[in-house]
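Q: Got a structure here, written out as structure tokens. Questions coming.
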């Protein structure tokens with residue numbers, strides 16, 4: 001049903017509740033499956049995210065330095081600005097969250113609070129190291145390292161570990177991963193996506209200028225590598241954000257490794273095609289691209305509010321904010337922020353992208369008509385986009401996690417809340433690639449998995 005408001009699956013807001021104790025902060029209850037699984041793929045996701053974050057950030061800084069050294073100060077300033085400013089914002093948020101965890105632990109507002117402290121009162125990381133990480137723009141690495149550490153502790157847990165310790169390792173891993181993916185998602189669209197348009201336009205201009213000479217400056221190869229890393233960063237951030245939300249959503253099952261790979265391939269191809277299309281528009285229209293972006297935002301906002309209207313009880317301002325954020329994200333790639341079926345949402349968004357792409361490559365105005373290898377580009381980009389859409393259709397038709405939703409609900413009897421009883425190893429499921437733990441069905445009354453500061 002269109003124009004129907006949906007619950008958001010992007011951000012959970014605590015519902016207002018009356019508490020006798022004014023010191024207790026209301027929280028949302030997230031779901032942890034009754035069978036807890038940590039695979040090698042989960043640990044790989046954490047490690048890959050850390051490496052890609054570092055490479056993406058420092059490649060942008062390196063490209064800015066190359067431009068400054070070559071006397072291209074405007075290009076260097078643009079690259080440096082869109083690398084540092086979003087990073088500073090993300091690291092400020094990261095630092096606030098670190099201090100928020102510490103503050104809540106000290107106030108003991110939540111006896112079970114999982115913050116930057118261990119249960120015995122020992123800090124997971126010192127305050128000085130927190131500040132140093134954020135000053136060097138590496139704050140998000142703390143959350144990935146924390147998720148990796150507790151995931152590894154769960155994975156290598158032996159029989160002599162208590163059941164409570166194993167459960168706590170899993171809970172800490174999930175919370176840290178949720179915070180890390182949230183930060184990385186916004187970093188991708190605050191920094192990586194704008195960088196792609198800026199660096200892509202710069203690289204395209206210089207590539208065209210140096211094409212006739214037959215040789216290219218060394219920095220152009222680094223620029224191409226930086227562009228590739230940024231596309232990988234955006235594509236992967238969408239995948240892990242979806243994976244993280246499914247891990248703690250009440251009515252979802254988690255993504256398996258092959259499903260995540262399909263999602264990544266689909267996103268990588270469609271986002272690459274979209275960025276090339278946007279760069280083509282910039283080369284043609286220059287500063288006059290801004291009115292075209294505004295027109296795109298108007299069309300996008302119309303189908304987003306028509307198909308993805310959100311509902312937050314007593315949080316109308318939050319609904320508007322998230323709709324605005326979703327509209328901005330749609331400049332680069334479609335994103336489903338609301339619960340419900342995605343087919344019509346993706347159909348509308350990808351149709352708009354396809355029409356914009358076909359328009360510029362069929363029209364082929366100057367200077368695109370003289371661009372090197374333009375014949376290959378004008379056909380290659382739509383083909384790559386079509387392959388990405390085809391992979392998306394295969395994913396939704398055959399590999400979407402919801403296709404095994406009823407199987408998990410009946411066979412594993414997943415409880416919507418975490419159990420407080422002790423849990424046991426599931427018979428005949430432990431192997432060399434994953435660690436599995438099963439929890440009894442009695443639920444906990446509340447589980448603090450939501451940043452109260454958000």
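Using the three backbone atoms N, Cα and C, a Cβ is placed for every residue, glycine included.
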Q: In TrEMBL, one of 192-209, 246-263, 318-335 is tagged transmembrane segment. Which stretch would that be?
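A: Checking TrEMBL against the ranges 192-209, 246-263, 318-335, the transmembrane segment one is 318-335.
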Q: Kindly point out the range from 218-239, 416-437 that TrEMBL annotates with transmembrane segment.
A: 218-239
Q: Could you check which of 108-126, 127-145, 146-164 is flagged in TrEMBL as transmembrane segment?
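A: Among 108-126, 127-145, 146-164, the range TrEMBL annotates as transmembrane segment is 127-145.
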Q: Which one, 43-70, 76-99, 218-239, 318-335, 347-365, has the most C-beta pairs under 8 Å toward the transmembrane segment (377-396)?
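A: That would be 347-365.
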Q: Under 8 angstroms, Cβ to Cβ: which one of 43-70, 76-99, 318-335 has the largest number of such pairs with the transmembrane segment (278-306)?
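A: Most Cβ pairs under 8 Å with the transmembrane segment (278-306) come from 318-335.
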Q: Excluding the flanking five residues on each side, which residues at least 6 beyond the ends of the transmembrane segment (76-99) place their CB within less than 8 Å of a CB in that stretch?
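A: Those are 57, 60-61, 63-68, 116, 125, 130-131, 133-135, 137-140, 142-143, 179, 183, 186-187, 190-191, 194-195, 198-199, 202, 451, 453, in sequence order.
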